[in-house]
Amino acid sequence: MNKSLYWIICRIAALMLVVITFTPLVMPAGTHGPALWGMPYTLWTGIIVSILLVLLTFIGTRIHPGRKNSEEQ
Amino acid sequence: MIRTLIFIGVIYVGILITFSLIFRQRQKSTNSYLLAGSKLGSVLGLFTFAATLFSTFTLIGMPDFFRTHGVGSWIFLAVSDAVMVFAIIWLGHALREKARNKDFKGLSGLIRDCYQSKFAGYVAFFGAFIFLIPYVSIQIRGISIFLNATFPESLPTWAWALSMVVVMLIYSETGGLKAIIYSDVLQGILLLIVIWIASFVCISYFGDMQNMFKKVEQTNQALLSVPGPKGLFTTQFLLASMLAIVMIPFTQPQVVTRIIIMKDQRSLFRMAVGVGCFAIVIILPTLFLGMYGAVKYPDESTAGFINKVLIQDQSESVAAFIIIGLIAAAISTADSQIFALGSELRSLMKGDDKKVMPITRVAIVFFAAISLIFSLFSSDQLVLLARTSFAGTALMGPMIISGIFSEKEMGPVVPTATLLAMALFVGSLLGLIPNSLLGIRLDITLFVLLLATASITYYVKNNGSLTNDSEEIKS
């Protein structure tokens, strides 16, 4: 697989994470359990989503098609 | 505390003066004054980007937002910021390419060149002006109400606001963008340290985090889930906020400039990942401060709560550092924005530096004066005001992004639609028109309509031309 395909997968994964954020999987209305280390559900799932998005950003920087033909060469 | 405060304050002002004098001597052209020489490394880039983004709005606004509306605030800002940094690596490359080809001087000038239309440039400038002024005012307002609550006997709110604007103007007019960037680094580090120290004090009040959330549950259970006690965090509100925040790197001139002046693509990418990490690390302690306030000071005003949590409940030396950190945060964000408005005006003007730069400098003073006046009358709802500013500039997103990607001249349709959308949005803020349409928020509706208009125009202009080109080649 080439980098372009990885980059497409990376973007799809980021978009899916965004969609998931707005579902009851992350934001169940009026529910604050189950807790993790005392943190309410929406908070800890929100933190996980944020970390995953930053991780995807990091992966994106490694596979971005514009990385090689960088403008400053 | 006063002695410690004066001591730290003198050191801070001394560093600012040193920066501004050093960089004043190095200013040889508009490029070095307004664009800091356009060779920013990843570390400087990270801190200046973060300091521009996370400011009084984060330090004062977010703890209050968590206290009032609960844990949904994390989705509102932290998740949105994480999406934003992904957008930077997605679209940042194209933005930089276009800026390099068009001899970037400012966002408005870039849009004028992309659309080959002065009108498009004016629309971009109008949007930046209308929606950045409230954002600058938030910084000034936030810090002046805080200082007034901390030292009620010394100066009235307006005098604190005026002092801040004067310091900010002298500093940025003298040192230019490079001095602002170095002060951003100082502010970013200071902000991170003081906010974590303050949050540790708040957690230790409860013993541990688990206990803290138990107490919050006993005080106000609705804070632990969405939509929060006041019902603010609906899916629509959070979605609209995310759209507005994701658009910041492409629509707010002070942020666009920082993306473009990065030394190279690698520095930009490292900076983006760094900002994502910084966002998580800086928003997390504001959650602890907010939860602490929800238990201890649920009925206090914004200024009262911030004064108690950041000053009265901290040790004297920590409180002194927090005060300087807050002032530094407000100054570094506000001067970046005011300076960016000056650059925007400069980018629309033709002529040599000697003629144009004095006008730009006068314009910066003018923008600062308007922000000062606005700050005296604005509300204390800092986060919601900031969000309004983000939502307003986000309406320029479809116009800017389609302009960046288009190889052909896009015509007047998208800039006209953008201007109309901004006017409607301002109308809804003033209560002249409803802020929702068929149950959907007006900001989402306008953004979607603009996105559709920009996409169709882009397709027609570029695809149509491509077909014609290939037909010409065939024949």
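Note that Cβ sites are derived from N, Cα and C of the backbone, with glycine treated the same way.
No curator has checked TrEMBL annotations; they are predicted automatically.
Under the heading transmembrane segment, TrEMBL lists B:6-23, B:43-62, B:74-95, B:119-138, B:158-177, B:189-207, B:231-250, B:271-295, B:318-341, B:384-406, B:413-433, B:439-460 (among others).
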Checking distant contacts: for the transmembrane segment (B:74-95), what same-chain residues at least six beyond its ends satisfy Cβ-Cβ under 8 A? 53, 58, 62, 65, 226, 233, 238, 241-242, 245-246, 248-250, 256, 259-260, 265, 268-269, 272-273, 275-276, 279-280, 283-284, 287, 401, 404-405
Below 8 Å between Cβ atoms, which of the listed ranges B:6-23, B:318-341, B:413-433, B:439-460 makes the most pairs with the transmembrane segment (B:43-62)? B:318-341
Let me spell it out: take the transmembrane segment (B:271-295), skip the flanking residues so only those 6+ beyond its ends count, and list any with a Cβ under 8 Å from a Cβ in it. 42-43, 45-46, 49-50, 53-54, 58-59, 62-67, 70-71, 73-74, 77-78, 81-82, 85-86, 88-89, 92, 188, 191-192, 195-196, 198-199, 202-203, 205-206, 209, 212-213, 215-216, 219-220, 223, 262, 305, 308-310
